[in-house]
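Annotated in TrEMBL:
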- 17-271: domain 'Nodulin-like' (DOMAIN)
- 19-40: transmembrane segment (TRANSMEM)
- 82-101: transmembrane segment (TRANSMEM)
- 113-136: transmembrane segment (TRANSMEM)
- 148-171: transmembrane segment (TRANSMEM)
- 183-202: transmembrane segment (TRANSMEM)
- 222-241: transmembrane segment (TRANSMEM)
- 253-272: transmembrane segment (TRANSMEM)
- 290-315: region 'Disordered' (REGION)
- 290-302: compositional bias 'Low complexity' (COMPBIAS)
- 303-315: compositional bias 'Polar residues' (COMPBIAS)
- 337-364: transmembrane segment (TRANSMEM)
- 341-557: domain 'NFD4 C-terminal' (DOMAIN)
- 376-394: transmembrane segment (TRANSMEM)
- 415-434: transmembrane segment (TRANSMEM)
- 440-462: transmembrane segment (TRANSMEM)
- 531-550: transmembrane segment (TRANSMEM)
- 570-606: region 'Disordered' (REGION)
- 584-606: compositional bias 'Basic and acidic residues' (COMPBIAS)
Amino acid sequence: MATAPAASFAAQVVRGRWFMAYGSFLIMSAAGATYIFGIYSKDIKWTLGYTQEQLNTVGFFKDVGANIGIHAGLVAEVTPPWVVLAVGAAMNLGGYLMLYLSVAGKVRPAPPLWLVCLYIAVGANSQAFGNTGALVTCVKNFPESRGVMLGLLKGFVGLSGAIFTQLYLAFYGPGGGGDTKPLILLVGWLPAAVSVVFLGAIRIIRAPPRPPAVARREYRAFCAFLYVSLALAAFLLVAIVLQKRFRFTRVEYGVCAAVVFAMLLLPLGIVLREEAALFKHNNIRNAPAAAQADDAPVTTTTKPQESSPKPLSPTKTVGARLVAALRPPARGEDYTIVQALVSVDMLLLFTATVFGVGGTLTAIDNMGQIGESLGYPQRSVATFVSLISIWNYLGRVTAGFASEALLARYRVPRPLLVAGVLLLTVPGHLLIAFGVPGSLYAASVLVGFCFGAAYPMILAIISELFGLKYYSTLYNVGNVASPVGSYILNVRVAGRMYDREAARQGAVAAAGNNNKGGLTCVGTRCYRESFLVVAAVTLGAAAVTLLLAWRTRAFYAGDIYARFKEGTATSANGGVAGETAGVEPKKQQAPEVHDGRRGDDPKGSD
């Protein structure tokens, strides 16, 4: 007798939105292969006999693969999420497995440089497929909590590098040993395995409009996920500090990895709790709902004749279609990809991301060189990297939850918050520029936090302004802006100015070497001019974001999530009806039929 309810509950859990969200968290936790390249890059250099310039070339293709994901978004537009995840898993396994075989000497003769670059680019590009398949699906399944969801998911990505490090130290010790080639193999199979396990769970699950009580319970569940992730981040930080100060044994590394694994399982309890509440609620309503279904008259969604579009005359068809394709809808409605790309809002957001987030990436990528030029010991430089990682995570989850709360309670536009975060980044850049003794610790905290905080809010803004129908592609358009900014500010500005100052100091090694190949620069002048430039363009990016906030102030003044709430109406201007949205609940609750192809919520009436 008890077997049927138990089986029914298990089926509900596996098919539910909360288990889907949990699977997405684990996929993001395993998506940090690109963040630990510095750990195994030395083995690539030594075993394949590369120069530093050749190794940097491999690293560049790693970054390109990790950040270029528009094709993943286009695949997601025409296929279900499991196909996107399966493609990503295959690319991850194939790319990193071939890289491991090359580094381990299993491939004879050794592959040429271009082929190694191809291997790591393919493996790193799987991260774009994982993000698109899991993260975009979560945003569509929890549209009213997209800021919170993006903060949590991006937060787990921020922790993934530290998680991988703990697993590697436990699996391939003792003491983390000098051979990092097995880490490449771990990076190859583990993310692919996690994606395959959750292929059936990651799917579009349309939820009906929710009453306020259900929305509040949903928010409390996300807070529980947040507490677990905060505990995991705190443990990782303590473990990193202790492991750098003391020499751990293989068993002690194994204990740390076991604790990490157990904390990754804790959110499953939250999933079971939420699904148990839904199961109980559905059972209570099941009998009355069934009786009402038997007695209810059959209804159709056939609309009056005037609802059908009038045919266009042959002479006007082409012109009308061109105008319709280029004319953007109201903010919050579903833009086409072309409409979003040519819109002023996207231009402003892309520009702010290039120069705002690109500046933080410049600081992060050069933190080792900055510490070396300012005379910090190597242990301190490693501490800077750890601080950036942890505060990157804290920035992501803080921005996700805080921006969502401020938007819901006070209608604070999310672009205004992004502008504030970019302004907060400027003191961090100035601390690097002037090299105040001991200030690099504070700069690491500011830069890491602000980089983490800006990213989920920018991705949430894209979904809010341009809709969710083509979010798979538009999300990846936003991702492209960061490497563009990093190339402009890091390679063309910081790199050239570093080389110029090193040449002035007489430390030129060989013509054409990059800033890591043979040029050594010492002192505050190495990065002063470049980070003054970075600080200036970051101020410009903040100004651009303020302009976007001013343009969208009317949109954010209303309830941008009205269409996802029970008993609210959708207006024509951006899908927001404000406080009077519920004046005609009977009319708004008329039956609707959705095509079921995609998981997007229906648009409001025109």
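Keep in mind that glycine also has a Cβ here, set from the backbone N, Cα and C atoms.
Here the transmembrane segment (82-101) sits apart from the transmembrane segment (440-462); fewer than 3 CB pairs are under 8 Å, leaving out pairs fewer than 6 apart in sequence.
Across 19-40, 113-136, 253-272, 440-462, stretch 253-272 shows the highest tally of CB pairs under 8 A with the transmembrane segment (222-241). Through the fold, the transmembrane segment (253-272) approaches residues 13, 16, 18-19, 21-22, 25-26, 29, 163, 166-167, 169-171, 173-176, 221, 224-225, 228, 231-232, 235-236, 239, 243 of its own chain, all at least 6 residues removed from its boundaries and within a Cβ separation under 8 Å. Highest Cβ contact count with the transmembrane segment (19-40) among the listed stretches 113-136, 148-171, 415-434, 531-550 falls to 148-171 (criterion: pairs under 8 Å). Segment contact holds for the transmembrane segment (148-171) and the transmembrane segment (113-136), given three or more CB pairs below 8 angstroms at sequence separation of 6 or more.
The average pLDDT the prediction assigns to the domain 'Nodulin-like' (17-271) is 88. Between the transmembrane segment (440-462) and the transmembrane segment (113-136), fewer than three CB pairs separated by 6 or more residues in sequence fall under 8 Å, so the two stretches do not touch.
For the transmembrane segment (337-364), the partner stretch with the highest count of Cβ pairs under 8 angstroms, out of 113-136, 415-434, 531-550, is 531-550.
For the transmembrane segment (113-136), the residues of the chain that approach it from at least six positions outside its boundaries are 23-24, 27-28, 31, 33-34, 44, 48, 50, 54, 57-58, 61-69, 72-73, 75-76, 81-82, 84-85, 87-92, 94-96, 98-99, 102, 150, 153-154, 157, 187-188, 191-192, 195, 198, 202, 471-472, 475-476, 479, judged by C-beta separation under 8 angstroms.
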